[in-house]
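Working notes, structure below.
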């Protein structure tokens, strides 16, 4: 720590209590708030992602490409959240010693056996591996969500518009290039592996770090805007269904929140360190990156849940409509059947007459005239239903057999009333 003697010259002496308070409030977000908000964002994002994946598998028994990308983003986000939570005390110690000269002086000039000496040993033992790891997994989660959006948009755009497809592939190419640049920048932030944070945070190379950091934040915002532009162009098409437009509005709103978080991260994270060079606050970058990853994961999950719920509601409505139509059809068939039964089997005296007529037919068939061949039914007209049937073959039994099977002066129609009177 002797190399910091020039940087801490003239810095005021502060007690150990003040040092610990500075470590707790090294950023705009104190350690307790950081932990609480990180747990809240992590829980909401994981629940949203798990709900989407569970509902999707429960309903379709398979995953599409965007679901696999959501799963990859969820895994990366969980790893990033665990690394971030375990690294919170270390990043607050880095920011406190990097931006506050009294804290750095207290730690650098601490004697053996004091609490300041313990902080000095902790500061010197912090490696760059954890820093690179959680930045890597955080950015990987964010760009996996962007890829899932692009996969979803491809299914919407492939048969819509040629110019829109050209813009889509331009967005895909630029997003892939930006993802490579951003993931490599996390290693440029601290490239001295195994040598502690001293060479990473207190050298003149912070000028290069601030420039690369601004490039990274700009690429993140530009890719978000390019992804957002696709649903905006789709919403202008009036031929889209209302459910699809609502889904695009959800994507648009939540993706806009990611853009706002990116702008805040870039604007509020730049400070002067103890050697008067600009650099990004480690705590601020970590907190905002974690928030953006959580919001991005929710942005990728909520529209999917909305689409599945909407599809489920449509299926329910279709089933209700089908059941109503089947119910109406069965009701009409039942009414028609009741009407036919009413016509064919009336009650009252007419019913008694039909039964008496049938008994008469059976009696004549069992009489001595059984040798007479049965009369064929008439095909001149359609068979009538009900009690008004008079000229059917079933009524031939009430006619005298001699009159029924002999012709007198040609064909003549015999009135049934006369036949009934002759029967009597």
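Cβ coordinates come from backbone N, Cα and C, glycine included.
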TrEMBL annotation of region 'Disordered' - which of the ranges 320-357, 358-395 it falls on: 320-357
Stretch carrying transmembrane segment according to TrEMBL (options 214-234, 403-423): 214-234
Transmembrane segment range according to TrEMBL, out of 166-184, 185-203: 166-184
Closest-packing stretch to the transmembrane segment (166-184), where packing means Cβ pairs under 8 Å, from 36-55, 67-88, 133-154, 214-234: 214-234
Outside the transmembrane segment (214-234), six or more residues from its ends: residues with CB under 8 Å to it: 142, 146, 149-150, 153, 156-157, 160, 164, 167-168, 170-171, 174-175, 178, 181-182, 185, 240, 244, 248-249, 251-252, 255-256, 258-259, 262-263, 265-266
